[in-house]
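One structure is given here, and the rest of the page talks about it.
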Amino acid sequence: MKLFKTELLLFVKSLTFIAFCVAAFAFYFTQYQGNVNRQVAHFQENTVYNPDNYLMRPRPGSNDYGNTAQTDKRSVMKNALLDLQQEYQNNTFQTRPVMFVKNVHLKQTDKKKVDQIFKHLTDQSLTTFTPAKANWSQLDRQVSYSRFKQAMGKIDHIIGGQSAYVPNQLFEFGSGKPLSYTAAKHAYQKKMRIDRVSRNFARLFSDYLGIIMLIFSVFPLILYYTKAQRENCQELLDLKLKPTWQYLGVKYLTTVLVLYGFTLLLSIFPAIQLLKVGRVLQLSTDGWAFVKATTLFVLPTIMFISALALVLTRLFKPVITMAIMVVFGIFILSVTDIAGVTTWSPLMRFNGDSNWSTFASLKQAIYLNRLFYIGLTLILFLVAVWLKSRQRRGAYGQH
Amino acid sequence: MTQIRAVKLSKQFKTKVVLNQLSFTLTDGVVGLLGRNGAGKTTLMKIIATLLRQSSGDVFINDIPVTKVKQIREMIGYLPQDFQFYNNMKVNDALIYLGLLSEMPLAALKMRIEILLQRLNLEQYAHYKIKELSGGLKQRVGIAQALLNDPKVLIVDEPTVGLDPEERDNFRRFIGELGQRRIVIFSTHIVEDIAHISDQLLIIDQGGLIFQGQTTDFSPEREALEPKYLALIRGDRHEAF
């Protein structure tokens with residue numbers, strides 16, 4: 001316990017950890033809490049009904065009750081094909097590799113391949129295609145949605161990936177139908193029954209905190225794991241009798257618990273805020289929603305990132321480890337669907353109001369994913385212990 | 001009685017031979033490990049301290065080979081060249097931390113720290129941060145941590161570098177006291193450091209052992225130790241003996 005306390009102080013009293021807390025808090029506050037505050041404030045002011053406000057109960061007499069979820073496949077197909085035609089004509093396809101926008105210009109041979117795929121879908125060539133003359137109402141009868149997704153996947157591949165035609169993101173081309181008061185009321189009742197006021201916000205919270213942990217936490221983690229090395233006392237510590245698994249275990253546990261604790265701490269304010277909102281709405285609120293979401297979505301990410309840092313710091317110098325982990329984090333962020341969990345990714349994303357459906361439809365895959373990353377964490381930890389034991393026994397020549 | 005025995009000990013880094021077939025036996029007392037910079041002193045000490053593996057040959061402490069890492073580490077205390085520790089940690093906390101890593105029970109550890117701080121005149125600095133200490137005080141903390149487990153073998157690597165003359169003198173005297181009931185391997189390239197306190201000498205040059213024995217056998221007069229040593233490493237064996 002005393003050893004854990006010392007390690008805890010070493011970690012939390014470091015300047016890098018304090019800087020991490022400030023940066024993480026700023027990110028959380030501007031990206032997440034600001035949004036929650038706005039919704040709560042607007043809801044409390046009790047002004048005109050706003051369908052974008054998750055908490056507001058629909059009232060009769062409003063002009064706008066929002067739209068249905070974007071599942072209208074016909075409009076998804078139509079809008080996607082229209083966009084494709086536009087990009088094809090300009091021969092400029094926008095992609096977003098590693099979060100940055102990149103314009104791709106295709107060679108003639110690749111353009112021909114895209115045209116061929118388009119022809120299979122619409123029986124028309126992109127060069128002669130006239131949107132006004134197209135029979136859009138027949139499109140979804142002519143081509144099944146799964147075939148359409150497959151075809152778009154091929155086009156995405158030709159463009160080089162991360163384009164607007166990634167099959168799992170095609171729904172973004174969709175446009176919902178306007179909701180009536182009754183439909184909006186039912187939708188509201190359903191989401192409040194399922195999400196019990198706070199769960200949607202809790203998932204969104206874990207979405208932001210997941211990003212923070214994936215990218216920002218890398219710095220305090222690496223600097224803490226290499227502190228002894230940087231302060232020239234690694235040799236001295238290596239000589240001590242504590243078994244390596246315990247020596248690294250205490251350090252690892254410290255980082256995981258501190259980062260998890262930090263996440264829980266940040267969740268207290270929105271959790272209390274939403275409990276109050278639930279009371280005003282006279283709805284049953286899930287008071288543990290943030291703890292549950294944090295434990296399920298953020299904790300395994302923290303465990304994995306910490307274990308990865310532990311292994312990499314055994315192999316590389318701190319600066320190189322930082323570079324590897326930041327690039328890895330940005331890569332993961334760029335390839336993970338923003339509101340549709342990418343089942344293999346260490347990051348769980350629920351950015352959007354409809355995140356209940358995402359969670360519900362992928363519940364099993366999410367649990368599997370989390371279990372996989374916990375398992376991977378264990379393997380990484382064992383690898384770190386093996387590497388460190390060899391190092392402690394002078395297996396690497398010059399110490 | 002503790003004994004260190006090396007048998008044809010060699011260490012090679014890639015193609016460079018750093019230690020070449022060293023055989024010697026050491027017993028309780030201060031052992032002056034002399035040699036020029038780069039002679040192989042640190043490598044030898046690291047092998048004894050289990051921080052490096054030898055390429056061939058063996059070293060035993062009380063007949064236990066140094067490859068039995070845990071058993072050997074229970075018997076040794078090590079003060080590296082230029083002792084450094086977490087700068088923002090207080091002396092007392094640093095010693096507790098290092099003691100816990102040595103698997104000492106907390107209550108016994110606290111008592112041991114109290115005794116050591118007293119013996120090393122560090123009591124008033126117990127709550128100072130490491131970065132607030134002078135070079136001499138830092139070395140004393142280094143010795144305190146090396147003595148936490150009351151080791152049978154104490155290895156100190158060039159411990160007087162960076163100390164002022166008074167601190168050096170105090171430090172040497174303290175090492176002399178410690179050598180009364182354990183083996184203290186005191187590595188240095190400054191002969192003056194060990195001239196008055198060493199009981200045994202190990203002199204290595206270019207990875208080879210050029211003298212091993214009692215200090216008095218090498219030089220009956222302590223004052224003559226330095227010129228004899230210099231003559232030896234310059235290759236003038238006649239003048240040396």
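Placement of Cβ uses the backbone N, Cα and C atoms for every residue, glycine included.
The feature transmembrane segment is assigned by TrEMBL to A:208-226, A:247-269, A:289-312, A:319-345, A:365-387.
Highlighted: of the candidate stretches A:289-312, A:319-345, A:365-387, A:289-312 has the greatest count of Cβ pairs under 8 Å to the transmembrane segment (A:247-269).
Between the transmembrane segment (A:208-226) and the transmembrane segment (A:365-387) there are fewer than 3 Cβ pairs closer than 8 Å, counting only pairs 6 or more residues apart in sequence, which means the two stretches are not in contact. Tertiary neighbourhood of the transmembrane segment (A:289-312): same-chain residues 196, 198-199, 201-203, 205-207, 209-210, 213-214, 217-218, 221-222, 225, 248, 251-252, 255-256, 259-260, 263-264, 267-268, 270-271, 274, 321, 324-325, 328-329, 346-348, 350, 366, 370, 373-374, 376-378, 380-381, 383-384, 387, selected by CB-CB distance under 8 Å and a gap of 6+ residues from either end.
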